[in-house]
Amino acid sequence: MNVTSLFSFTSPAVKRLLGWKQGDEEEKWAEKAVDALVKKLKKKKGAMEELEKALSCPGQPSNCVTIPRSLDGRLQVSHRKGLPHVIYCRVWRWPDLQSHHELKPLECCEFPFGSKQKEVCINPYHYKRVESPVLPPVLVPRHSEYNPQHSLLAQFRNLGQNEPHMPLNATFPDSFQQPNSHPFPHSPNSSYPNSPGSSSSTYPHSPTSSDPGSPFQMPADTPPPAYLPPEDPMTQDGSQPMDTNMMAPSLPSEINRGDVQAVAYEEPKHWCSIVYYELNNRVGEAFHASSTSVLVDGFTDPSNNKNRFCLGLLSNVNRNSTIENTRRHIGKGVHLYYVGGEVYAECLSDSSIFVQSRNCNYHHGFHPTTVCKIPSGCSLKIFNNQEFAQLLAQSVNHGFETVYELTKMCTIRMSFVKGWGAEYHRQDVTSTPCWIEIHLHGPLQWLDKVLTQMGSPHNPISSVS
């Protein structure tokens, strides 16, 4: 389609605004999005002029350009629903923008999307892209705190003995409330007092999910309430990042830098790999994710899209009727985002997905092996690099085995359609018909480097080794 035919029925105002459009994909969709916006802005005196000023002078201060917030917060453009600030940031600034998780409002914005006001600002220059936080290096002591004659191998073997025979269950959002004001409620060796005995467990001193102001009432494509409560003065819109300095391990003054080895985090080429299983059988090759936005669905995609892991393509001679039926219900599956050092899972399937993430469970105060149900249309943060960094920094002072135990946190298991755990007749993930295992490469490689620096559990590092 040439430019002449594209603009043949567009108004002069829409033509002008499309002149600042970024990228060359989805021309017709962008035109419809801008046309819908122009119709709204024409009702407000000076709004069109303010938007044109912002687009033509990106480095100059500009005012909010607002439209009324819809009931569910989303805007429909040509059969596709999305959040308005995401739509217009995609049109005029970042064509590769995948999700609201990647955006943060600037301080000058009076009507940011996350503030839940009647008007929402769509000025693309009132938002910035989230950057991954810089994780402080882990400082590994050069000398062991342990007696070299004392072996921790027996303790190492028994680390999992306190785990229940089968995992407990929790349902999002019913079992999930905002954690209390401390973003990291537990130490790595603490118990999990808020373990959900059932899907109705709640947190003390936090709003229930039925509260009209609860962020969990919002659709999956809205900003996650996540890690900081609304009463915290630094996060009116939940947008401020945690101070990475709080992650830095504090060293006793008598320890000088020569007594520790700094091990830094490095972002790998592939942020994760995904392996698909049917019952206890691995099916097909591992999928290596290079894009920060990955779809795992039940369809077939002969184009070999690098952003999609299509389970419908995979064959298995041992497949039974239960597996076949479950595969038919995977549908659109799950959307995995890796943004700003955090991993989110959004259930796009009509059926629920079930997630076992120790990092997510730690954040919410659940038992480590709890399985969380994510219904259709909901999204949940399932891993946080900063919390992992804090745990790793603490664990190096407790020995090799404690650090090694964190490898379990770097693997996330997720089943489609059928759940497992105490509330289901399937007790283990290997009893579910269709499931995936997600390996987080960055945290795993970081752990590997720290463990290499520490030495082996059979021969702890010491002043005489």
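Including glycine, each Cβ sits where the backbone N, Cα and C put it.
Per Swiss-Prot, Zn(2+) binding site is recorded for C64, C109, C121, H126, and the stated evidence type is similarity to another entry. Taking the Cβ of C64 (Zn(2+) binding site) as reference, residues of its chain lying under 8 Å away and at least six apart in sequence are, in sequence order, C109, E110, F111, E119, C121, N123, H126.
Residues or ranges marked as compositional bias 'Low complexity' in Swiss-Prot: 179-210.
Annotation source Swiss-Prot lists compositional bias 'Pro residues' at 221-232.
Taken from Swiss-Prot, the feature domain 'MH1' applies to 12-136, supported by sequence analysis. The average pLDDT the prediction assigns to the domain 'MH1' (12-136) is 84.
Residues annotated as N-acetylmethionine in Swiss-Prot: M1.
T322 (phosphothreonine) falls within a helix when secondary structure is assigned with DSSP. Sequence annotations record features per position, and here Swiss-Prot assigns phosphothreonine to T322.
Taken from Swiss-Prot, the feature phosphoserine covers S463 (among others), and the record attributes it to similarity to another entry.
Sequence annotations record features per position, and here Swiss-Prot assigns phosphoserine to S465 (among others) based on similarity to another entry.
Taken from Swiss-Prot, the feature region 'Disordered' covers 162-249.
Annotation comment: Swiss-Prot describes 418-428 as region 'L3 loop', evidence class similarity to another entry.
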For C109 (Zn(2+) binding site), the three-state class that DSSP assigns: coil
For the Zn(2+) site built from C64, C109, C121, H126, further residues of that chain with CB within 8 A of the site's CB center: N63, V65, T66, P105, L106, C108, E110, F111, P112, I122, N123, Y127
Close in space, distant in sequence - T322 (phosphothreonine), Cβ under 8 Å, 6 or more apart: P433
Sparsest Cβ surroundings (other CB atoms within 10 Å) among the binding-site residues C109, C121: C109
Three-state secondary structure, H126 (Zn(2+) binding site) (per DSSP): helix
